[in-house]
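Residues or ranges marked as active site, proton acceptor in TrEMBL: Asp107. The active site, nucleophile feature in TrEMBL is assigned to Asp282. The substrate binding site annotation in TrEMBL covers Asp107, Ser108, Gly109, Gly110, Phe111, Asp161, Gln205, Gly232. According to TrEMBL, the feature Zn(2+) binding site maps to Cys320, Cys322, Cys325, His357. The domain 'tRNA-guanine(15) transglycosylase-like' annotation in TrEMBL covers 28-389. The region 'RNA binding' annotation in TrEMBL covers 263-269, 287-291.
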Amino acid sequence: MSAAAGASARKPMPSALTFDLVAKCSTTKARASTLHLPHGSVPLPIFMPVATQASLKGLTYDQLAQTGCKLCLNNTYHLGLKPGQAVLDQVGGAHKLQGWDRNILTDSGGFQMVSLLKLAKVTEEGVRFLSPHDGTPMLLTPEHSISLQNSIGSDIIMQLDDVIVTTSPDHERMKEAMERSIRWLDRCIAAHKYPERQNLFCIIQGGLDLDLRRKCTEEMVARDTPGIAIGGLSGGEAKEDFCKVVDTCTGMLPEKKPRYVMGVGYPEDLVVSVALGADMFDCVWPTRTGRFGNAITPYGVINIRHASYAEDFSPIQDGCTCTCCRPKEEGGLGITRAYVHHLVAKETVGAHLLTMHNVHYLLSLMGSVRQAIIEDRYPAFLREFFDKLYGHRSKSPEWVINALRGVGVDLLAE
Ligand SMILES: [Zn+2]
């Protein structure tokens, strides 16, 4: 019996979400929807900021809420180490621990281990690694990952998957990882204690091989999880390859489920991925780059450390409604580029202000994307977006032009 046949024989999985498709772009594959989760409704498409160690670097949860964030990401690996499962169980989960009453998505912990710990080894049982605290051998299994996420109480939990960097030349290993990820999903489903209040998402693997991706998508869809992620991307592959994988997978996914492309955060990647039919994204980049003095704007990323900003008394971004940029008379901080420039080299508050702006920028970008889809003017939105970002849309990178042409938008046409 094939895995897909096995999956179809089992009972449908309970779901703790409802997904309302609000509008579909009549040209591209973009969708606007509303995802109703246990801690409130979330408008999609959405960018989810990553709050490592249960605190978004440089932002308090109040400030994170001010950015309009309704769903943020926590790392299971970090929460599992500290405060640890016993404390999470005692306090009643991460929402209570952090005083965050909106939604949380947690990763499985596997990616963190493989990327942070050089000695991590993957076997059929799970991911073996040495404790970063005392060097004792430890094992993260699909069952343990789900148990940790059950203790965290996150609204969306992710399966443990076998992640291989997409650029790996080892096709056999890639195939093994894809097939193992399906077997691990079955173990995650069996181990999940609270499907009526936490939504388990599967993760499609298969590297850049479209046949492996198709096979994996078919198997994952058959298991009927409440949401579906496309994983393993943003590992240094060519953007053309990235787009082909997203386009291929979304083409096979059920319309009435949320689609999450993991590890995506550059504005141009987000708007193209939406055009290819994806709904949810996460990335550490906007917060990490803020710590290096970088501000995201519609005209590209600027580094506020540059001497040219020392006497620039305009906001980080003209017209931005974030707490940092908004004028004092409108209830904001009225912060200038000159002030951030002054702070950013020596004070953490400089990085903090840029983080606030960057997270707000991406959330409001996705809000504009959603509005454009609802009004069925996403192609016009894309033209305007790339006009600003690259001076003129015809100067957009080749991969952007090709990906959008594939969904009916020609940036080179007048
Ligand atoms: Zn701003």
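From the backbone N, Cα and C atoms, a Cβ is placed for every residue, glycine too.
Just so you know, TrEMBL annotations never went through curation; they're auto-generated.
Projection of TrEMBL feature records onto the structure.
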| residue | record | contacts (Cβ under 8 Å, 6+ apart) |
| --- | --- | --- |
| Asp107 | active site, proton acceptor | Leu73, Asn75, Thr76, Tyr77, Met158 |
| Ser108 | substrate binding site | Thr76, Ser145, Gln149, Ile157, Met158, Gln159, Leu160, Asp161, Ile203 |
| Gly109 | substrate binding site | Asn75, Thr76, Tyr77, Gly80, Leu140, Ser145, Leu148, Leu160 |
| Phe111 | substrate binding site | Val163 |
| Gln205 | substrate binding site | Asp161, Asp162, Val163, Ile164, Ala177, Met178, Ser181, Leu212, Arg213, Cys216, Gly231, Gly232 |
| Asp282 | active site, nucleophile | Phe47, Met48, Pro49, Val50, Leu73, Leu105, Tyr260, Met262, Gly263, Val264, Gly265 |
| Cys322 | Zn(2+) binding site | Thr67, Gly332, Met356, His357, His360, Tyr361, Ser364 |
| Cys325 | Zn(2+) binding site | Pro315, Ile316, Gln317, Gly332, Ile335, His357 |
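Here the region 'RNA binding' (263-269) has Cβ contacts under 8 Å with residues 47, 231, 233-235, 239, 242, 281-286, 296, 361-362, 365, 385-386, 389, 396-397, 400 of the same chain, all six or more residues outside its ends. Of all the binding-site residues given, namely Gly110, Gly232, the one with the smallest number of surrounding CB atoms inside 10 A is Gly110.
Residues in the region 'RNA binding' (287-291) partition by DSSP class (helix H, G, I; strand E, B; coil) as 5 helix, 0 strand, 0 coil. Among the recorded positions Ser108, Gly109, Gly110, Gln205, Asp282, Cys325, the ones whose Cβ sits under 6 Å from an atom of ligand 1 are, in sequence order, Cys325. With respect to their backbone Cα atoms, Cys320 (Zn(2+) binding site) and Gly110 (substrate binding site) stand 37 Å from each other. For the recorded site, Gly110 (substrate binding site), the DSSP three-state label reads helix.
Apart from Cys320, Cys322, Cys325, His357, the Zn(2+) site neighbourhood in this chain, defined by C-beta within 8 angstroms of the site C-beta centre, holds Pro315, Ile316, Gln317, Thr321, Thr323, Cys324, Arg326, Gly332, Met356, His360, Tyr361. Counted with DSSP, the region 'RNA binding' (263-269) comes out as 3 helix, 0 strand, 4 coil. The binding-site residues in question are Cys320, His357, and the one with the fewest Cβ neighbours inside 10 Å is Cys320. All protein chains shown were included, and the count of other CB atoms within 10 Å of the CB of Asp161 (substrate binding site) stands at 29.
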